[in-house]
Amino acid sequence: MKPLLVLLLLLLLDLAQAQGALHRVPLRRHQSLRKKLRAQGQLSEFWRSHNLDMTRLSESCNVYSSVNEPLINYLDMEYFGTISIGTPPQNFTVIFDTGSSNLWVPSVYCTSPACKAHPVFHPSQSDTYTEVGNHFSIQYGTGSLTGIIGADQVSVEGLTVDGQQFGESVKEPGQTFVNAEFDGILGLGYPSLAAGGVTPVFDNMMAQNLVALPMFSVYLSSDPQGGSGSELTFGGYDPSHFSGSLNWIPVTKQAYWQIALDGIQVGDTVMFCSEGCQAIVDTGTSLITGPPDKIKQLQEAIGATPIDGEYAVDCATLDTMPNVTFLINEVSYTLNPTDYILPDLVEGMQFCGSGFQGLDIPPPAGPLWILGDVFIRQFYSVFDRGNNQVGLAPAVP
């Protein structure tokens, strides 16, 4: 027993040391752009202006032929954090996005309406800035975000990455970024996703020995007023944010944080992926998305119907709606209706939108299901680059 006790004490000491080395980035929760537009009665016009029918969506996304991000992924984003670039620091609000790998912020040279509505980066005001000069382009829906690549210090809650290459956008498409609560995006995906061959921020954190462990983790609070307690943690994970033990799931392709699904169950019936399919765990997507034909069946199964271009349910039926369970690595991850239905107040009336959305991701990248914030709110998520695996456990409210 004595050697076992010593081993246990050593493990506890290692855990305590790892806890002390955690770098926590607070995430603030804001009203999503979709809710803003819905409250202003402008959501239908937004669909029309972007040529989108959200009830029959098949927006193509193929990251292997070009760097392409579905624009609608950011329509429902609610969790944001702060970073700084340069010396002295210039602050920006960003989405920490595991579904992409580039860092970009608006440039002072940008003339798009979105840049006029957000802070912009001034390279001439940073003593540590280096011009790289390469061009980059990321496709968002039907428009491109384009710019040049520079290098500078990037700081995230006490972690300072030297010589980080990042995108300075000079053109941003559409109205989505105009009204967005965020200024830019910090990608946490694998290097193979990065436009312009840029080394992602977290890879540089590891290379510069800034993190104790080669992993980061995400906790998204369900608190609708500000998301109190939500955080991104670099260098490890915090056991106080989840119950039980982590289930470790191998990454099947090192681009997105892609894992295998064993099945998707609605109520007591496995409706999808009965022979297995692929999914990504993505902090840069608010909803849960899947192939449009499968999502249409899922909407019907939960009783959701099209209303003003999106799916919603009668708020009075939540008690009778089915659970939706994702079977992953022989473990069940169950969402009850209050988890996957998104309440809103529109002109004094309760609105209950569906947390599921159709999104066509064709081969070779797809088809894919995306487990976005609707899923991550319920399951604490650890992204382990050292072992190329994702850890999931029930989140503690």
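Just so it is clear, glycine is given a Cβ too, placed from its N, Cα and C backbone atoms.
For Cys110, the partner cysteine in a disulfide bond according to Swiss-Prot, taken from Cys61, Cys115, is Cys115. Between Cys277 and the candidates Cys273, Cys315, Swiss-Prot records a disulfide bond only with Cys273. When the C-alpha distances from Asn323 (N-linked glycosylation site) to the recorded positions Asp97, Cys110, Cys273, Cys277 are tabulated, the minimum falls on Cys273.
For Asp282 (active site), the nearest of the recorded positions Asn91, Asp97, Cys115, Cys273 in terms of C-alpha separation is Asp97. A straight line from the CA of Asn91 (N-linked glycosylation site) to the CA of Cys115 (disulfide bond) spans 15 Å. Taking the C-alpha positions, the distance from Cys273 (disulfide bond) to Asp97 (active site) comes to 26 Å. Other Cβ atoms within 10 Å of the Cβ of Cys277 (disulfide bond), summed over all protein chains shown, number 19.
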